[in-house]
Amino acid sequence: MRTLWILAVLLLGVEGNLVQFELLIMKVAKRSGLLSYSAYGCYCGWGGYGRPQDATDRCCFVHDCCYGKVTDCNPKTASYTYSEENGEIVCGGDDPCKKQVCECDRVAAICFRDNIPSYDNKYIQFPAKNCQEKPEPC
């Protein structure tokens, strides 16, 4: 219960898409994105540099690249719509930019779910000094 309260407090100042991304991760991967992926490896969390450390970190790298291709809206604040059909997340709405953001988040949530076995606690709060290699291109 305390963890849920802390999570709620942390999300109070967050708008739109980041909250939706958290909810999507919880729905698809059955984990809290905030607790599991906000400070993991070289790419999960704010920013990112170097080489992804494992398959989970690569999910964040690909998600960052996906957000980087969004040009007509801010992917961190754009609110989108989605539904669940036959157990799959389907991005909807009429705004192509918001739909693109939803697709970035949907693919990342599936990637997190599919790579849970690669998750390694040694990459939680991973020091930035270990992420100095030249990044690979998106």
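Including glycine, each Cβ sits where the backbone N, Cα and C put it.
What Swiss-Prot records for this protein:
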type	residues	note
ACT_SITE	HIS63	active site
ACT_SITE	ASP105	active site
BINDING	TYR43, GLY45, GLY47, ASP64	Ca(2+) binding site
DISULFID	CYS42-CYS131	disulfide bond
DISULFID	CYS44-CYS60	disulfide bond
DISULFID	CYS59-CYS111	disulfide bond
DISULFID	CYS65-CYS138	disulfide bond
DISULFID	CYS66-CYS104	disulfide bond
DISULFID	CYS73-CYS97	disulfide bond
DISULFID	CYS91-CYS102	disulfide bond
SIGNAL	1-16	signal peptide
> Going by C-alpha distance, which of the disulfide-bonded residues CYS91, CYS97, CYS102, CYS138 is nearest to TYR43 (Ca(2+) binding site)?
Replying inline: CYS138
> Non-local Cβ contacts of ASP64 (Ca(2+) binding site) (under 8 Å, 6 or more apart, same chain)?
Replying inline: TYR43, GLY48, CYS138
> Which residues of the same chain, at least 6 positions away in sequence, have a Cβ lying under 8 Å from the Cβ of CYS59 (disulfide bond)?
Replying inline: CYS44, ALA108, CYS111, PHE112, ASN115
> In angstrom units, rounded to an integer, how far apart are the Cα atoms of HIS63 (active site) and CYS104 (disulfide bond)?
Replying inline: 6
>> If I take the Cα of CYS66 (disulfide bond) as reference, which of the recorded positions GLY45, GLY47, CYS73, CYS97, ASP105 has the closest Cα?
In response: ASP105
> Got a sec? Which of these disulfide-bonded residues, CYS42, CYS97, has the most Cβ atoms within 10 Å?
Replying inline: CYS42
> Non-local Cβ contacts of CYS102 (disulfide bond) (under 8 Å, 6 or more apart, same chain)?
Replying inline: GLN20, TYR80, THR81, TYR82, CYS91, GLY92, GLY93
> Among the recorded positions listed here (GLY47, CYS60, CYS65, CYS131), which has the Cα closest to the Cα of CYS73 (disulfide bond)?
Replying inline: CYS65
>> Helix, strand or coil for CYS131 (disulfide bond)? Use DSSP.
In response: coil
> What does DSSP say about CYS42 (disulfide bond): helix, strand or coil?
Replying inline: coil
>> Between CYS42 (disulfide bond) and CYS65 (disulfide bond), how many Å separate their Cα atoms?
In response: 14
> Does DSSP give GLY47 (Ca(2+) binding site) helix, strand or coil?
Replying inline: coil
>> Between CYS91, CYS111, CYS138, which of the disulfide-bonded residues has its C-beta surrounded by the fewest other C-beta atoms within 10 Å?
In response: CYS138
